[in-house]
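The structure under discussion appears below in the form of structure tokens.
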């Protein structure tokens, strides 16, 4: 198995894309540390990982709190022996007109999407250096980090920021053999997109389901993305096959945004 004897920490792992990533990495042989703000749902994913024959550890974590992210990494090292792969997956979406965005909304989404990613990069890189090991840092970006969308301007700006952090970290950490990349999903059929569709309906007057259908209809491959589609890219980036790839924010969207 490509990830045998490896340990991966996945943030935002209780559901959706994070759960999909955790299960795929486990199938590829990795032991998994799962973090999220929802401890009850984490328990279910722990059971799924263990059913695959891997070790699993759940740590309730708010990625917007730097000390909690560092604690999760430290607990990973103590319990699993070391950390090999850090997946900064946790994030939230926000649908709001540029003209109506509030200070509280902006602070919240930046704290989670941007600061949460930064704290994860910091904690993982310091752990890799202390271990004297090369490691993989894989961040959650989005097609909205390549092209902004109406009513998703603030959210998009956080994903542009993730691209910047990914590129800068790759340049700073390359000499240590640490790779830093990001995955950029499109329209994934998760609870997050249900919320986006609902909020788009409120902002634009569209019917429920109409925004989601419009985006899916524009996908070249003709279907919505699944968490498993995203996880396949993450599994590749986590493997030795991607050892010579760093600083890249790779689109996996079935054909929406072309770069």
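Cβ atoms are placed via backbone N, Cα and C, with glycine included.
All annotation found in TrEMBL is predicted automatically rather than curated by experts.
What you are looking at is a predicted structure, and each value in this text was computed from that prediction instead of being measured.
According to TrEMBL, the protein carries these features:
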type	residues	note
DOMAIN	6-186	domain 'Ketoreductase'
BINDING	15-17, 36, 62-63, 89, 155, 159, 185-190	NAD(+) binding site
ACT_SITE	155	active site, proton acceptor
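Locations of recorded TrEMBL features on the structure.
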residue	record	Cβ contacts under 8 Å, 6 or more apart
15	NAD(+) binding site	36, 38, 41, 45, 190, 191
17	NAD(+) binding site	89, 140, 185, 188, 190, 227, 230, 231
62	NAD(+) binding site	37, 68
155	active site, proton acceptor	93, 94, 95, 109, 113, 144
159	NAD(+) binding site	113, 141, 142, 144, 145, 184
186	NAD(+) binding site	142, 143, 215, 219, 225, 251, 252, 253, 254, 256, 257
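Summary for the binding-site residues 89, 190: the Cβ-based neighbour count within 10 Å is maximal at 89. When secondary structure is read from DSSP and collapsed to three states, residue 188 (NAD(+) binding site) falls in the strand class.
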